[in-house]
Structure formats: structure tokens, C-alpha cells
Amino acid sequence: MFGKLKIRGGVHAEERKEQSTGLPIHVLGIPPVLKLPLRQHAGRAADPVVKAGDYVLKGQLIATSTGADVCASLHAPTSGTVTAVGPVTAPHPSSLTTDAITIEPDGLDKGLESLESGDPMQLSPAEIADRVDQAGIVGLGGATFPAALKLKSGARQKIDTLILNGSECEPYLTCDDMLMRERAFGIISGARLIQRAIGARRIVAGIEDNKPDAIEAMKAAAAGFADVSVQVIPARYPMGSAKQLIHAIMGREVPAGGRSSEVGALVHNVATAFAVHQALYDNRPLLSRIVTLSGQCIDTPRNVEVLLGTPVSWLLQHSGGLKETPARIVMGGPMMGQILRTQDVPITKGASGILALAEPEISKTESSPCIRCGSCVNACPMGLVPLEMARHANAEDFEGASEFGLSDCILCGSCAYVCPSHIPLVHYFQFAKGELSAKREQTRRGELTKSLSEARNARLEKEAAEKAAAKAAKAAKAQAAKEAREKAKAEKAAQQEKEQAAQEVKAQANEESGA
């Protein structure tokens with residue numbers, strides 16, 4: 001059925017995954033403070049529905065996605081008191097602030113009363129999507145796109161295959177690997193709910209061949225379902241990209257600028273599927289996630305389940321601590337993750353790992369001019385020409401970079417990884433994408449302003465014309481009334497003259513008769 005196990009470009013990055021797979025997933029406790037950014041997903045920030053001083057229960061809705069096209073709800077990970085709704089430091093290299101809800105837990109972990117909902121597999125596709133939406137579930141592989149929107153979109157398309165993304169191709173990261181090893185049945189359960197929601201005929205779990213334990217666990221969980229299978233794929237970065245995964249498993253090419261649904265596929269991360277299982281079977285919204293702790297500076301590398309909003313500093317202190325001061329801390333993987341300037345930032349829905357890296361694990365080599373060797377071209381999984389995109393981006397010719405396929409760049413970092421000149425290619429592309437996005441937003445706003453201005457002018461012209469027409473009609477009516485009065489007056493005068501003449505004739509006749 002599926003035999004094409006190839007990926008264009010990509011790199012064989014040093015994996016370093018064995019560091020964090022020696023221990024089972026450890027469930028961390030409740031920290032003294034939780035900071036929950038209102039925007040932990042792709043799209044617009046959620047709207048808070050609580051204020052400072054409010055007491056909240058575990059699982060209670062604290063920010064809603066109502067009214068937004070792309071958004072995700074947010075829930076209290078435990079019980080406690082809201083102490084602030086305002087800015088906190090964002091988990092981003094810029095260390096800028098982002099609006100968040102801060103909760104001081106009371107340690108009681110009191111939750112909302114759970115309501116029995118029956119068998120979730122009996123729900124309609126729309127009901128499943130609504131429940132996923134209410135649970136605030138997003139793509140947990142890193143993109144953080146609201147999962148319910150993908151379900152609703154998939155239901156409108158002709159999707160024949162749901163692909164479970166278990167590739168986890170980033171070095172160091174093993175949170176999906178450990179989740180598949182320990183909670184495979186929940187993953188398959190959630191995947192079957194997603195399958196029902198989108199109407200797919202089959203489910204295929206794509207797992208890289210460097211995860212034998214996860215492969216066996218997933219095969220065991222899928223054994224009872226004829227339409228669920230596990231596909232072993234080659235370990236090569238960035239196999240976890242949706243387009244590469246679809247091509248490797250199905251042999252189908254997603255067109256440039258297109259979506260996976262155009263080739264009959266929909267990709268969901270295995271952790272997302274497990275979150276769907278928890279939401280519909282356990283009535284549990286997205287409150288926590290599995291995070292890989294790794295790097296030479298971590299005393300006890302492992303995977304932990306941690307509440308959303310937990311400060312990175314507390315997480316590190318209560319999971320074994322650091323054995324030396326790290327040269328760099330990264331949220332996510334080393335290829336696509338975010339460098340943290342401070343540990344005073346929270347774990348968010350998209351935080352797959354916290355890496356505390358020592359000097360030997362990072363590259364600080366100064367960049368030199370491009371030698372046009374073409375290594376980046378060979379490494380690009382999208383078939384782009386990074387050296388040309390970089391040349392245009394560096395010259396701030398962003399449209400020129402766009403002509404070379406900038407919009408199709410997935411920012412995987414394969415090009416920068418193989419570059420012998422150590423050029424920060426991904427930084428160039430991120431900057432160019434940001435500038436193009438800002439320019440397009442400015443153009444959009446300009447066009448919106450223009451259309452609003454034109455609409456206003458048209459409205460004013462219409463109102464002026466209507467006023468003029470009304471004035472003319474009023475004047476015409478007044479003139480008609482005047483003419484009618486004058487006519488009536490004239491007719492009355494004529495009638496009076498006629499009557500006067502008749503009286504005179506009668507009087508004369510009487511006089512003659514009397515004579």
C-alpha cells in the first residue's frame with residue numbers, strides 16, 4: 001500500500017536521544033506559581049474570563065477562544081487564586097513580555113465535577129470537534145495550530161488517511177518516544193476519535209526506525225483495529241515535517257503553497273491524539289504536557305509531565321537540577337527551538353523540551369562569506385535554493401527571496417546545519433518572513449483603510465444625493481401645494497364672480513319684472 005520511504009534533502013544530525021530515555025516519564029508536582037500566556041497557540045490571543053482575586057478550580061476555563069478565527073481556549077491547571085492578568089516574560093529569545101494569567105496554587109488540586117458523557121465514539125464529527133475545541137487542544141508537535149480547526153477543515157475535505165506523527169526527528173527530544181512507549185493505547189484511542197471526526201478511512205502511525213520500543217508499543221495498541229497500522233520510516237531530519245512525512249508514507253507530493261488535505265491526508269502529532277483521548281474519555285482539557293529535559297548540564301536527563309505555566313527555573317530545580325551552568329538553554333529542539341535568555345519563563349503548550357547545553361554542544365563559530373558550494377541546496381527538504389534566498393534576504397530584497405520560494409521554507413535549519421561557512425541562514429529567513437508578513441499586513445491595512453474611506457465617501461455621496469432628492473421633492477411638493485392653493489383660489493374667485501354675475505342677472509330680471 002505505502003512503499004515510498006524517501007525524503008528529499010534533510011540531514012543525519014547527531015541524535016543524542018539516549019540521554020533521556022533511560023527513565024520513565026515522571027509526573028512533577030504543583031509549583032508555587034503558574035504563569036499562563038494567553039497566546040500559546042498559532043493565531044490570536046485568547047480572551048481572559050477571570051480577573052485578579054478570582055478563585056479557580058482545576059480544569060476551569062480561564063480564557064476563551066470565542067469570536068476568533070484562529071485561537072485556543074485556556075484552562076486552570078490546578079486550583080488556586082488568580083493574582084494577576086497582565087504581562088510576563090515570554091519564552092522567546094527577545095525576552096519581550098506577553099499577556100498572561102498568573103495563578104497562585106493552593107495545593108489542594110480541587111477540580112470541577114466531572115460529568116459522564118457516554119461513549120465518545122458515538123458522538124457526531126461536529127460534536128467531537130466541539131469537545132476538542134472546548135478542551136483547548138493544539139498541535140503538540142510544535143506548530144500549536146488549534147486542533148479543532150484542523151478537524152473541522154478535515155471534515156470538509158476528502159481525507160482518506162490520518163497520519164499520526166511519531167517521527168520526533170529533532171535531536172535530544174524524546175517526549176513523543178516515551179509517550180508512545182508508555183501510553184500507546186491512549187494515543188490510538190484519541191486517533192480513532194480524530195478519524196471519526198474527519199471521516200478518514202485509515203490511520204497510519206509514522207515512526208522513525210530509531211524508536212524500536214515505541215514501534216512495538218504502538219503496534220500492540222493498533223493490533224485490534226484493521227484500519228490502523230504502524231509504518232516504520234527512516235530516521236532523517238526533518239522527517240517530522242508534515243509534507244515530508246506524507247511523501248515518505250504515502251508517496252504523495254503536497255503542492256507548493258498547498259495543504260496536506262489537498263492530497264487526501266491529515267497529520268496530527270501523537271501527543272495531540274493522546275490529548276484528544278484525555279479530553280473526551282477523561283473530561284480533561286489540556287492542562288499539562290510531556291517535556292524532555294536533556295543536555296550535558298542536566299543532572300538527571302528524562303521526560304517529565306509538567307503543568308502548563310510552570311516556571312522553567314522551578315522545573316529544573318525539582319527534576320534533578322543542573323550539574324553545571326549551561327552555556328545555552330533552549331526551549332524545544334536544537335534545530336528549531338527558542339533560545340531562552342532567562343529561566344523565569346513558563347512552560348507552554350508547544351514546549352516539547354528544555355535543553356541545558358554545555359559549550360561543546362553548541363556552535364559559536366563565526367560566519368564567513370558564502371562559497372556557493374551548494375550544500376544547502378542538497379540539504380533542503382523542500383527543494384529550495386537557500387543560498388539565493390539568503391542573498392536576497394541579506395540585501396533586504398524580500399520580494400526577491402520570496403521568488404525563490406521563501407514561503408515554502410519550513411525553517412527546519414538543515415541548510416544552516418551543513419553550511420561550511422556557518423551562515424545563520426534560518427535567521428535570515430525568519431527575518432525575511434517577518435518583514436514580508438509585516439509588509440503584507442501594512443498593505444492589507446492600507447487596502448482596508450482605502451476601502452473604508454471609499455465606502456465612507458460613497459455613503460456620504462449617497463446621503464448627499466438622498467438629501468438633495470428629498471429637498472427637491474420637498475420643494476416640488478411645496479410648489480405643487482402652492483400651485484394647488486393658487487388654483488383653488490383662482491377657481492374660488494371665478495366661482496364668486498360667476499355667482500355675482502348670476503345674482504346681478506337675477507336682480508336685473510326682478511327689476512324688469514316689477515316694472
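Placement of Cβ uses the backbone N, Cα and C atoms for every residue, glycine included.
Heads up, TrEMBL stuff is auto-annotated, nobody curated it.
Site annotation (TrEMBL): [4Fe-4S] cluster 1 is bound by Cys370, Cys373, Cys376, and the candidate from Cys175, Cys297, Cys419 recorded at this site is Cys419. Among the ranges 120-163, 252-295, 472-515, the stretch that TrEMBL annotates as region 'Disordered' is 472-515. Checked against Cys370 ([4Fe-4S] cluster 1 binding site) by C-alpha proximity, the binding-site residues Cys380, Cys409, Cys412, Cys415 yield Cys415 as the nearest. With DSSP classes pooled into helix, strand and coil, the tally for the compositional bias 'Basic and acidic residues' (480-501) is 22 helix, 0 strand, 0 coil. Here the candidates are the binding-site residues Cys373, Cys376, Cys419, and by Cα distance the one nearest Cys409 ([4Fe-4S] cluster 2 binding site) turns out to be Cys376.
Residues near Cys419 ([4Fe-4S] cluster 1 binding site) in space but far in sequence (CB under 8 A, at least 6 apart, same chain), listed by position: Ser375, Cys376, Leu425.
Shown in sequence order, Ile371, Arg372, Gly374, Ser375, Pro386, Leu387, Cys415, Val418, Pro420, Ser421, Ile423, Leu425 are the same-chain residues outside Cys370, Cys373, Cys376, Cys419 whose Cβ sits within 8 Å of the Cβ centre of the [4Fe-4S] cluster 1 site. With the fewest other C-beta atoms within 10 Å around its C-beta, Cys373 stands out among the binding-site residues Cys373, Cys376, Cys380. Using a Cβ-Cβ cut-off under 8 Å and counting only residues 6 or more beyond its ends in the same chain, the domain '4Fe-4S ferredoxin-type' (400-429) has close neighbours at 9-11, 13, 237-238, 241, 243, 256-257, 335-336, 363, 365-371, 373, 375-376, 378-382, 384-386, 388-390, 392-394, 436.
The domain '4Fe-4S ferredoxin-type' (400-429) scores a mean pLDDT of 92 in the predicted structure.
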